[in-house]
């Protein structure tokens, strides 16, 4: 069975490289996705990417990994099992029980990712609805955090024998 990783980016992450570069850096989401595909190929895994500014779209995409959700029959990944999810939920990390519940429902191991060190910022950013369900949490490593998450997920999948 092919090992697949789904990389999800939430609200405002489409603005990476433009939005507050002193916090998030100058690397764009397109740059990150290009690097992610190259790295995944080198590690022998497949990667799908998804970004949305809408909570419901993210919930739908997570459900689709299990063949559920309103678009499951139309998705091109239906029938291609996702072995791991890497999610930078952005602000939804701190507010969305719906994203948490979707991740719990599909029971696919996931890595929570943040470009900035959320613990060194506003106090509300220190709380995550996802962390206690994640197999790993990466924060404060800038765009390199994506590379670290992909490497970890690929190695974690090998440990699990998929």
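Glycine residues also receive a Cβ, built from the backbone N, Cα and C atoms like all the rest.
Caution: TrEMBL annotation is automatic and unverified by curators.
Per TrEMBL, these features apply:
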- 24: active site, proton acceptor (ACT_SITE)
- 114: active site, proton donor (ACT_SITE)
- 88, 94, 101, 115, 116, 125: substrate binding site (BINDING)
- 19: site 'Transition state stabilizer' (SITE)
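Same-chain residues at least 6 positions away in sequence with a Cβ under 8 Å from that of residue 125 (substrate binding site) are, in sequence order, 93, 94, 118, 119.
Among the recorded positions 19, 88, 101, the ones whose Cα sits within 10 Å of the Cα of the residue listed as 'active site, proton donor' are 88. Cβ crowding, taken as the number of other Cβ atoms within 10 Å, peaks at 88 among the binding-site residues 88, 116. Candidate binding-site residues: 88, 101, 115. Nearest to residue 19 (site 'Transition state stabilizer') by Cα distance: 115. The binding-site residues near residue 24 (active site, proton acceptor), taking a 10 angstroms Cα-Cα threshold over the set 88, 101, 116, are 116. Counting other Cβ atoms within 10 Å of each Cβ, the lowest count among the recorded positions 19, 94, 114 belongs to 19.
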